[in-house]
Amino acid sequence: MEKVVFGDIESVDRDPGSLQDTAADTAATKSDQRLRELGYKSEFRRDMSLFGVLGISFCAIGILTGMSSAFQTGLFSGGPLGLFWGWNICSLFMLFIALSLAEICSAYPTMGGLYFWVCKMKPDMPMLGFCTGWIYSIAMVFTGTSGNLSVALYLASLAEVGQGRTLTRVEVAAIAWGVNILSGVINTVGTKAIGHMSSFNLWWTLGGTFVLVITLLVKAPVKNSAAFVFTDYENFTGWSNRGFVVLLGFLQAVYTLEGCETAAQVAEEAKSAEILAPLAVVGSIAGSWLIGLAYMLALLFSVQSIASVQATSFAIPIAQLYYDAVGKRLTLMCLTVVALAQFMAAVTAFTASSRLFYALARDEAFPLKGRYMALNRFQAPYVGVWTSVLVGCIISCAYIGSAVAFNAILSSAAIAVMLSYLQPIIIRVFWPTTSLPERGPFSLGRWSWSINFASFLFTVFICVLFILPTAHPTTALNMNYSIVAIGAVIILVGACWALWGRFHFVGPVKTVMDEKKGH
């Protein structure tokens with residue numbers, strides 16, 4: 001077939017498939033041009049479609065996994081009443097946050113994400129951008145580590161249910177190390193592998209939710225009434241204030257819905273990034289709201305005994321709910337569905353952290369610039385990937401010594417993510433006209449400030465709620481140590497700025513200029 005040249009784009013004459021390729025190439029060219037306008041040359045192949053980018057955010061949110069792993073938090077803090085109403089209230093405000101971030105993402109579609117947005121919107125405050133990038137990168141590594149340990153705990157629950165064997169902490173940690181390494185291997189294979197996995201995860205989440213909902217509703221021996229599902233109040237916290245107890249249950253919803261911004265971390269690997277990335281940010285929250293609601297209602301209608309879940313000896317409490325509702329064999333199926341979804345979510349967290357390390361190194365905000373910007377033949381920033389794996393394995397060792405210490409480290413990840421959301425939203429609230437002078441194709445228009453303000457209030461509220469004690473009376477074993485962990489993270493990041501960052505980092509470095517100079 002003859003080739004026809006349109007500018008710099010080659011196409012095959014009148015072949016429908018080739019015309020589609022031409023459209024995709026045109027979209028990629030526009031995205032590359034926008035990236036050049038922001039000062040960066042394109043280093044990655046744009047292999048990701050909307051489905052792949054949307055899948056990345058769905059992977060990161062992990063609606064099945066977040067809901068399953070944290071379900072007991074809401075169940076014991078407010079019960080079904082707190083879970084149902086907390087889920088819908090938090091989903092609405094998390095959607096506001098997603099809309100706020102999506103508008104910025106459309107204007108600045110780069111893999112630096114939250115970090116780059118802060119730098120771009122407040123160039124006169126480089127410390128703010130530096131600290132946002134470091135805090136968010138730490139949060140992503142901690143999130144991936146948490147996800148990989150959760151995979152290990154699901155496998156431990158499978159062993160408990162299937163064989164009656166309880167795994168030791170050393171065995172669980174060893175499994176977590178193996179899962180960490182496997183996450184690194186998959187991320188090392190590169191963009192296409194991650195894109196295919198995220199697309200598969202989207203279907204797995206939809207299909208898995210359908211299977212779990214039908215299984216629970218059909219097989220549960222006793223179906224709870226609507227009055228129980230929508231109005232029953234439970235309190236295993238020790239606190240007497242009903243309002244405060246219900247608010248503690250909100251943490252389950254927020255923890256589950258974090259991760260929509262991950263689509264921005266692969267913006268430089270997506271076609272039409274200025275459109276697809278913000279759509280994925282918003283679409284992942286909207287979809288997760290509905291999917292999570294269906295799954296939650298199935299769990300609430302089929303839970304046989306809240307006291308049984310609270311007293312379980314299984315590694316993951318949700319295993320007890322499954323076991324009581326559907327029996328041994330189907331519990332194994334349910335745990336397998338969630339465990340695989342959890343693994344894919346953890347892989348995505350390391351995808352985000354490695355891309356963020358790349359973006360930070362590109363702008364001299366991270367040491368060893370050459371190493372962290374190096375790409376292998378699969379177009380993967382492999383040094384950042386294996387840094388995430390190494391840190392994850394080290395943190396997993398803490399689980400052997402103290403589950404309390406390990407949980408404190410990982411709970412700080414949820415707060416760090418919300419703090420990272422807060423930085424660009426604060427800028428949009430207090431500097432609405434100067435912070436985003438040029439908007440992208442995804443714009444909130446006249447609703448922009450109102451949505452940003454609502455997002456700001458909710459984020460501040462949740463950051464405070466995350467550090468409050470969750471049990472009363474408070475002891476050394478049930479204290480919420482997340483305030484200590486997040487404080488340590490902030491001190492560490494502050495020290496990095498004082499000792500290194502302020503001497504090297506001045507803001508985003510324009511690699512297009514370097515290219516022209518022959519660097």
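Glycine residues also receive a Cβ, built from the backbone N, Cα and C atoms like all the rest.
No curator has checked TrEMBL annotations; they are predicted automatically.
Quick look at what TrEMBL lists:
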- 50-71: transmembrane segment (TRANSMEM)
- 83-106: transmembrane segment (TRANSMEM)
- 127-152: transmembrane segment (TRANSMEM)
- 172-190: transmembrane segment (TRANSMEM)
- 202-222: transmembrane segment (TRANSMEM)
- 242-264: transmembrane segment (TRANSMEM)
- 276-297: transmembrane segment (TRANSMEM)
- 303-323: transmembrane segment (TRANSMEM)
- 330-360: transmembrane segment (TRANSMEM)
- 380-401: transmembrane segment (TRANSMEM)
- 447-468: transmembrane segment (TRANSMEM)
- 480-500: transmembrane segment (TRANSMEM)
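By number of Cβ pairs under 8 Å, the transmembrane segment (330-360) is matched best by 50-71 from the list 50-71, 172-190, 276-297, 303-323, 447-468. Beyond its flanks by at least six residues, the transmembrane segment (380-401) meets 140-142, 144-145, 148-149, 169-170, 172-173, 176-177, 180-181, 183-184, 187-191, 349-350, 353-358, 361, 368, 371-374, 409-410 of its own chain at Cβ-Cβ distances under 8 Å. Proximity of distant same-chain residues to the transmembrane segment (447-468), defined by a Cβ-Cβ separation under 8 Å and at least 6 residues beyond the stretch ends, is recorded for 93, 96-97, 99-100, 103, 247-248, 250-251, 254, 411, 414-415, 418-419, 421-422, 425-426, 428-429, 432, 480, 482-483, 486. Among the stretches 50-71, 172-190, 242-264, 303-323, the one making the largest number of Cβ pairs under 8 Å with the transmembrane segment (83-106) is 242-264. Take the transmembrane segment (242-264) and the stretches 50-71, 127-152, 202-222, 276-297, 480-500: counting Cβ pairs under 8 Å, 50-71 has the most. The stretch from 50-71, 172-190, 202-222, 303-323 that makes the most Cβ contacts under 8 Å with the transmembrane segment (276-297) is 50-71. Long-range contacts of the transmembrane segment (480-500) within its own chain (CB-CB distance under 8 A, at least 6 residues past either end) are made by residues 127, 130-131, 134-135, 138, 367, 404-405, 407-409, 411-412, 414-416, 419, 466-470. For the transmembrane segment (172-190), the most Cβ-contacting stretch among 50-71, 127-152, 202-222, 303-323 is 127-152 (pairs under 8 Å).
Per-stretch counts of Cβ pairs under 8 Å to the transmembrane segment (127-152) identify 50-71 as the leading one among 50-71, 202-222, 303-323.
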